[in-house]
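Report on the following structure.
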Amino acid sequence: MTSTVDVLAYIPSPPQGVWYVGPVALRAYALFIIVGIVVAIVWGDRRWVARGGEKGTVLDIAIWAVPFGLIGGRLYHVMTDWPTYFGEGGDPVDALKVWQGGLGIWGAVALGGVGAWIGCRRRGIPLPALGDAVAPAILLAQAIGRLGNYFNQELYGRETEVPWGLEIFERRNDVGQVSPQLIDGVSTGEVAFVVHPTFLYEALWNVLIVLLLVWVDRRFRIGHGRLFALYVAGYCAGRFWIELMRSDHASLIAGVRVNSFTSALVFVAALVYFFAATKGREDPAELRPADGGPVGGGGEPVDGEIAQKEPEKNVEDAGKDEGTSASEPVSDDKAASTASTGGEAGTKTIDSKKDDAND
């Protein structure tokens, strides 16, 4: 009787993580990643506007940050799990198959930050301030993305008998292969083993840190990248102990899982930044791009603008200015007088230019 109750209390895995609509594959992992990105952009933009920024800024920055983040996340995953793709029995082409899962958060944050920096430079806004605005939204997006791991039957912990243990099913694909690691497969109904749902632990931890960040931001009104640093430190603290519960294959550094090692280093760096950064919050005026420079017009030309030359007068207009007509004959005495006057004027002009050059 006790055994039956325990089994009924286990969390079942989804029967599959991929559905096909004709030739199109709908992958739960990709859908949750997309939902997380949308939530991060929408909520992040609202927080940015509430802090004094312009509406739509986060979307503009995301155009740079999201592609960079996806590439960085995949690169980190491949580098820290390289035997899967480049070791014995591995296929290097699989490293490009992002839809099969495998994004490292550290690579996503690092390279995504580079993309955000580029976007902020183009918009003329401070990157630390943007990071503070989107920090809770990014962490909530991470929690949503972890549900994709649930459908893929991945990122789980050691085997357990706790009532909230996760059932991992055997899955069969189209060619008849049977394994719990088949992302494209469908459950056979047979339970391979029961494990700690570490992806769920991380998702719940992320939600708790999101609530903490929102409270701290409202209570203390911190800025200059310090809230983002608090997000990084909080996430690292949770990721460190969750990694210790995982039993899946991972690269090791001095016998420690690489993600635990990275979490510890980044945690320390985040705390150092948190205490060293400027206190208080940015002035709302700093969150809006500066107005464009002055537009040239009359008066002195501004930088980057070329002064317009006065249009040259034709012979007929010049004659009218001198009080003569182009068709009126000019006497020899008058012509000589005009030439003499023009010569003197030319000499004065040359002398004047010499004086200007010597100033």
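From the backbone N, Cα and C atoms, a Cβ is placed for every residue, glycine too.
The feature transmembrane segment is assigned by Swiss-Prot to 24-44, 58-78, 98-118, 124-144, 193-213, 222-243, 258-278. Here Swiss-Prot flags 284-359 as region 'Disordered'. Sequence annotations record features per position, and here Swiss-Prot assigns compositional bias 'Basic and acidic residues' to 306-323, 350-359. Summarising the annotation, Swiss-Prot assigns compositional bias 'Low complexity' to 336-349.
If you look at the transmembrane segment (222-243), the same-chain residues 6 or more away from its ends with a CB under 8 A from one of its CBs are 51, 105, 109, 127-129, 131-132, 135-136, 138-139, 142, 157, 198, 201-202, 205-206, 209, 212-213, 216, 257, 259-260, 263-264, 266-267, 270-271, 273-274, 277-282. Packing against the transmembrane segment (193-213) from elsewhere in the chain are residues 10-11, 135-136, 139-140, 142-144, 146-147, 149-150, 154-162, 164-168, 180, 227, 230-231, 234-235, 238-239, 242, 245-247: each is 6 or more residues past its ends and has a CB under 8 Å from a CB in it. Beyond the ends of the transmembrane segment (24-44), by six or more residues, the same chain brings 14, 17-18, 58-59, 62, 66, 99, 101, 103, 133-134, 136-138, 140-149, 151-152, 183-184 to within a C-beta distance below 8 angstroms of the stretch.
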